[in-house]
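Below is one structure; the comments refer to it alone.
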Amino acid sequence: MKADILIVDDEADIRDIVSGILEDEGHETRTAYDSDSALAAISDRVPRLVFLDIWMQGSKLDGLGLLDEIQAMHPGLPVVMISGHGNIETAVSAIRRGAFDYIEKPFKVDRLVLVAERALETSSMRREISELKKRSSDSKELLGNSAAMMGLRQSIDRVAPTNSRVLIKGPTGAGKELVARAIHAASSRAKSAFISINAAAITPSRMEIELFGTEPDGTERKVGALEQAHGGILYLDEIADMPLETQSKILRVLVEQEFERVGGVRRVKVDVRIISSTAFDLEQLIEEGKFRRDLFNRLAVVPIDVPPLTARREDITVLVQAFMKQISAQTGIRAKIIDDDAMAVLQAHSWPGNIRQLRNTIERIMILTRDESDEIPVTVGKLPAELSENLPKAPTESDTHIMSLPLREARERFERDYLLAQISRFGGNISRTAEFIGMERSALHRKLKSLGV
Ligand SMILES: Nc1ncnc2c1ncn2[C@@H]1O[C@H](COP(=O)(O)OP(=O)(O)OP(=O)(O)O)[C@@H](O)[C@H]1O
């Protein structure tokens with residue numbers, strides 16, 4: 001795991017030895033010789049780990065004072081104390097105050113490397129856990145075995161190991177963020193941060209603070225998303241909503257790989273892979289002058305399309321079952337069986353809110369039927385009313401249209417509607433439709449032809 005490590009020590013040869021060893025391990029190091037230069041280095045860019053000497057000559061703050069300062073500003077940042085022979089007790093009290101561990105001078109290479117790896121691993125695990133807690137209601141696994149999903153998985157596998165910027169296109173709730181997370185998980189940056197920032201949910205004036213952070217001016221300093229994502233991935237959700245001014249600033253970051261914080265003058269260098277997403281036609285927004293073409297060209301190095309749920313209806317059964325299990329685990333409501341007709345209704349629905357809407361619907365169904373025994377299957381009548389609105393209706397006596405037809409024509413009309421609904425339910429897959437309705441594939445083709453479909 002390559003990381004940005006800061007070494008703070010007043011002795012130049014200790015700084016050199018520690019940074020030499022850590023660089024041999026593939027890390028990036030920076031050094032500081034007292035508390036002021038250390039705080040300046042941290043404010044240039046927040047490192048992933050700090051090695052901090054306990055006694056520093058000529059420093060405004062000693063090691064413990066600086067440890068307190070660092071912890072107040074960056075609570076999750078691990079600090080390993082460097083202690084001399086005489087001050088093990090101080091090192092131990094530093095651990096009580098929140099330091100991760102200490103190494104003793106003269107130190108052994110193995111011990112130094114081990115402590116660094118452990119500190120980095122622990123902090124990345126902590127980050128993962130807090131990330132998991134935040135999203136514990138959602139699974140991160142991309143489910144579905146439709147051709148569309150297989151294609152999507154292939155694109156993810158192909159693009160993940162590269163460092164290319166990816167633009168994920170697709171309608172709302174189709175799983176764009178999940179795709180971005182899958183790319184992160186399969187990339188060499190998997191152990192580093194995945195920071196997500198939603199342009200649609202943030203006001204334009206707040207957007208720059210969220211992205212670039214603020215420079216301290218007596219008040220609390222905010223670490224921006226770009227800095228938090230250093231070494232990892234920044235996910236820009238719904239870039240179409242980004243104000244033009246922010247677009248220019250993002251473009252500059254992409255060109256120069258560095259930026260300035262809001263209210264600051266210093267340049268902050270970062271190494272961040274950007275994945276962005278949109279539900280809109282950016283080409284059209286470019287035509288209308290609402291999106292910068294040069295930014296689009298830089299963000300969309302590899303475009304990935306996430307198809308709407310209606311283009312992969314055959315995944316619905318798997319999704320419904322998985323969501324039942326997940327919701328049941330979270331809420332304690334027992335999972336239900338959905339009968340074939342009710343499942344067919346779910347498969348035929350238009351799902352404008354895509355997978356998110358499907359998940360919410362399953363949650364609603366489970367809540368509505370929570371008092372029933374889990375042996376009673378969910379029938380069409382138990383589904384939320386809006387789901388059955390678009391179904392082809394069975395002819396009734398008041399349906400004079402079909403009732404006015406002779407049997408042969410009425411049957412043809414019914415067959416046509418029935419077959420079209422089944423084909424749509426199986427995402428246009430004729431073989432699977434044929435299998436389900438119990439017809440030979442070739443016979444179904446002939447039938448469709450004879451019905452003029
Ligand atoms: N293939 C999938 N398998 C399982 N769950 C999925 C899948 N795709 C999406 N989801 C779930 O659907 C919900 C919406 O997904 P996500 O937030 O990734 O969509 P999005 O396209 O980024 O939405 P938006 O456009 O609103 O940002 C989440 O709960 C996600 O876990």
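Note that Cβ sites are derived from N, Cα and C of the backbone, with glycine treated the same way.
Now, the feature entries from TrEMBL:
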- 4-120: domain 'Response regulatory' (DOMAIN)
- 142-367: domain 'Sigma-54 factor interaction' (DOMAIN)
- D53: 4-aspartylphosphate (MOD_RES)
DSSP residue counts for the domain 'Response regulatory' (4-120), split into helix, strand and coil: 58 helix, 24 strand, 35 coil
Predicted model, mean pLDDT over the domain 'Response regulatory' (4-120): 91
D53 (4-aspartylphosphate), number of other Cβ atoms within 10 Å: 27
